[in-house]
Every structure is written in C-alpha cells, then in structure tokens.
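Following: one structure in structure tokens, then a few remarks.
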Amino acid sequence: MQVHRMKLLMGSGGGLLFGIIFGWVIFPKILKFMISKQVTLKPGTDIRDLWSATPFPLHFYIYVFNVTNPDDVARGARPQLQEIGPFVFDEWKDKFDLIDDVVEDTVSYNMRNTFIFNEEASSPLTGEEIITLPHPLMQPIGITVQRERAAMMELISKALTLVFPDATAFYSGKFMDIFFRGLDVDCSSEEFAAKALCTVFYTGEVKQAKQMNQTHFLFSFMGQANHSDAGRFTVCRGVKNNMKLGKVVKFADEPELDAWPGDECNQFVGTDSTVFPPGLKREAGLWAFTPDICRSLGAMYQRKSSYHGMPAVRYNLDLGDVRSDEKLHCFCDDPEDLDTCPPRGTMNLAPCVGGPLIASLPHFYKADPKLVAAVDGLNPNEKDHAVYIDFELMSGTPFQAAKRLQFSLDMEPVEGIEPMQKLPKLILPLFWVEEGVHLNKTYTNMVKYTLFLGLKFNSGLRWTIITMSLVGLMSTAYLFYQQYDSLDITMPPKIIKESNKVADEVESSKSKTIEQNSSITTSLPGANQSHHKDRY
C-alpha cells in the first residue's frame, strides 16, 4: 500500500509539472515555430499568393468638403463647409514584376491599386454631383510660386490667365471629373508665359496630369493613380528571419527617401501595410511606409479587442506633435526653427508632393483645436475619424482596419494673382479618404482553425492535466492522513514496568499515611467522649 501511495504522489506531481511546462512553454514555442514556417513570402506559399494579389476588394471611401460660400471666402470670409459622401469604390490591390533575391531574402515588385466605383454602395450619390473646391491648379501654383519663386510671380500670373481663362479662386465641377476623369488644361497658347507654365506638365512633374494630345492635359486628384504603377518596393521575404517579414528595405530602388532634411524622417520603418510579421510585441506598434505622404507611420496599442469571437488587440494612430519630439523636427521646414513646424496633429506634404498640402486625420481629429475653429462644418469624433486596426499578434493577421487621412490646402492670399488677393490665411480641408477592410468568414476561419483551435486544444489539455494532477495530489494526501490516523499507540514494555512500579510506590505511601493519621487520632484526650454521650 505504501508503494502505491508513493507512485500516485510521483505521478501526480510529474503530471502537474508537465502540464505547466507543456502548456505554457513547449506548446506555444511549437505553435510559433509552425506559424513562422508558414507565414513567409517564399514563392509557392499561400501567404505569397494572398499577398501578391488580394483576393477580395478593400472598401475605399471619399468624403468631399463642398465650400458653400466661395465668393465670400474669396473676399476673406470664414469658409462654410458641407461634407458630401461617401463616394464608395472597390479597391483591388495587386503586385506585378516580382523578382526574388534568395541571397538577400527579399522580393521586389511594383504595387498597383485599381478603383472601381460602387454605385450600389454609393447610392444615392452618383458621382455626378457638383462640388465646389479651391481651384485645384490655380491656388496651389500661385501659393507655391509666392513662397518659393516670388520673382516669377508676374510671369506665372499671366500664364494662369492664358491656360485657365476666366478662372476664379474656386472651381465648381462634377465629383468624377475632379477626382478621376480630369479637368482640361489648355497648353495651346503660343505665349511665352503659357509655355513656361506648361513645361511642368510636359516634363511629367505634375504627376496627376495625363497628356491627351500635343496641347491638352487632363488633371485629376486620383485618375493617374488608378490602375497604374504606385512605385517599386523591395521587402524582406521573412524566410531567414521571420520577424523581418514584409519590412521595406527599398522604395524606387533607393534605401531611403530624400524628401526631408533629416535622416530620421527619410528612413523606411515597417512594411508596405499589406503584410505584417507574426509574433509582434504589442508595445512595438504596427509600422508601415506610405509613399503618398513620403513617411512611415506607426499605430500604437490602445486596448484589447475581439473580432467574430476571436481575441485581438486594437491599435490606433495619431500624427502627434513634431515639435515635442526632437527626432521628428526634420518634418519641419527648418529643423532648427520650431516655428516652421506644422500644427499639432498635421503634416506638411509640400516636400513630398511639391504643393501646399497638409495631411491630418479627418475633421482635424486629435489636431490643434484652432484648425477646427477656423472653419464651419467640422465635427471631429473618434467613431468616424480615428484610424484603427484590430490585429491578431501571434499570426500577424489584421482582422479589420480603417485607414483614414484628410488632405487640406494650406491657403493664403497671393498678392500677384488678382482672384487670390483677399483669401484668408488658414488650412482649408479639401477631402478625406478611408481605406477599410473587414475579413469575412472565409479568411477568419483560416486563422480560427489553424491557430485558435490549437490554442483551445492546448488550453483544454493543460488544464485537464493540471486538474487531474491536483486531484491525484489531494488523494495522495488523504491516503497518507488516513494511514497516520489509524496507527495503534502501544507503550514499550520497559515504560509499562516503570509505570507499574511508580503506581505501587504511590499506593504504599497512601496506606502508611492513613495508618499514621489513625494512631494520632486515638491518642488524643477526649477522643472517646462522643461514644460515652451516645451511650446515655
């Protein structure tokens, strides 16, 4: 019986130790190893196929700020804005001209985005709505020349009247024309001023313009970006080092940007936003390089979350204040002069796009309150305007996300151009976009069955082993207690003999004491008087 109790004790203790080590140490390492072998950009893997051509469209929303009092604003009044949208598009992403470098463990490719108008999701909007915005070319050109080439102002002013006859500070046109189909740019004039201005169109410096013939171009905000090359990336495949999966190492065949006056701001940090490495630490954030704004942005951990019953973590993004971080002073016009830094929650895009544009979260959410107060019609709030992503860390899977960004004109009066002489100086919102994704059950089930069922199995197994081990330990303790409680308490013979001897001595002592007391009583005078009285 003693042997069985010891076997039960050893088995239960060993089971408890095994459950703890296997459940919290061994199994997670095995699972991470299996994921690291599956989640790579090596040709022939499922992840490579999904990454190369997204098998489902992302949702792309455009919200436009319609200026309802353009004539008043041209005379210096406060702008009144009306948000119109969303205009909804299906965004398809794919990569082409892929070249692998096995030695460097990288893959180079060109990114392509294709936007298809979704009439049903956009309804009742059709895309033919008339929108009033600051003139898409006159205002940016006038402001840029005033800031950077003031000596050419007279020449450019004349050129604008030739290329855009009868143009005013604000332009009214159809949404689809402004954003995709294009506005006509007439470079047919033989005047020197017009030819000087049109040079930037012929040389391709205006990337949003498409040449239609020898003398005409079409300019639009997004037309040239639709189904066209968005730039060549080189990223890590993650075969040799899984933690480098998707990391951007080159863009446009360059190892860093040259848009900003400091090395820190020109570095690539993170991925191209279409893939993330597994096993990230939540405090490290999610970083991605965005060519449209020439900058890497990081979303930071906010809280725990869930998606379709699966645990996740939520990250959100804040452009912050470049003044408060010395490493970000290179995003100022002059890193040595903080007065040249953009307002809190914004980013100056001029060094990136060549025009007076400001990026921020929609409605200036989390930006300097003065920006919101400068115009009418804004209502910043977290639900509609925050950037967020619900992310599964172990597999590196984004469950759902909303990437939102607003583009505004850094407007100011331009003395040399008559229609712009009385404009107010402020940052005027133009439009904002949202790129959203919500994984459907087809893809969430892939994560669920390959990851979470394994985690649930591990959880069930380890707790079953631990519970059975604890029951075994308690049973062993009870058996040992029962054995101890049933033992007979028997004195050794020597102790019994000595105890009897002591008892005899005590009894003999008592007898002698009684005899002595009796003799003393008998010898006392009058001891028998009571007997005589009883006789009478």
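Along the chain as shown, residues are numbered 1 onward.
Each residue, glycine too, has its Cβ placed from N, Cα and C.
Note that the coordinates shown come from a computational prediction; the quantities given were computed from them, not determined experimentally.
Annotation in Swiss-Prot places C352 in a disulphide bond whose other cysteine, of C198, C236, C265, C294, is C294. Out of C265, C332, C341, the record in Swiss-Prot bonds C330 through a disulfide to C265.
Only one of C236, C332 is recorded by Swiss-Prot as the disulfide partner of C341: C332. Of N226, N517, the one with N-linked glycosylation site in Swiss-Prot is N226, while the others lack that note in the record, though it may still apply to them. For the annotation N-linked glycosylation site, the record in Swiss-Prot points to N440 among the listed residues N440, N528. As a whole-number mean, the pLDDT of the topological domain 'Cytoplasmic' (1-7) in this prediction is 57. Once Cβ contacts within 10 Å are tallied over all protein chains shown, the glycosylation sites N66, N213, N226, N440 are led by N66.
The Cα of C330 (disulfide bond) lies closest to that of C341, out of the recorded positions N213, C294, C341.
Proximity to C352 (disulfide bond), defined by a C-alpha to C-alpha distance within 10 angstroms, is shown by none of the recorded positions N66, N213, C265, C332, C341, N440.
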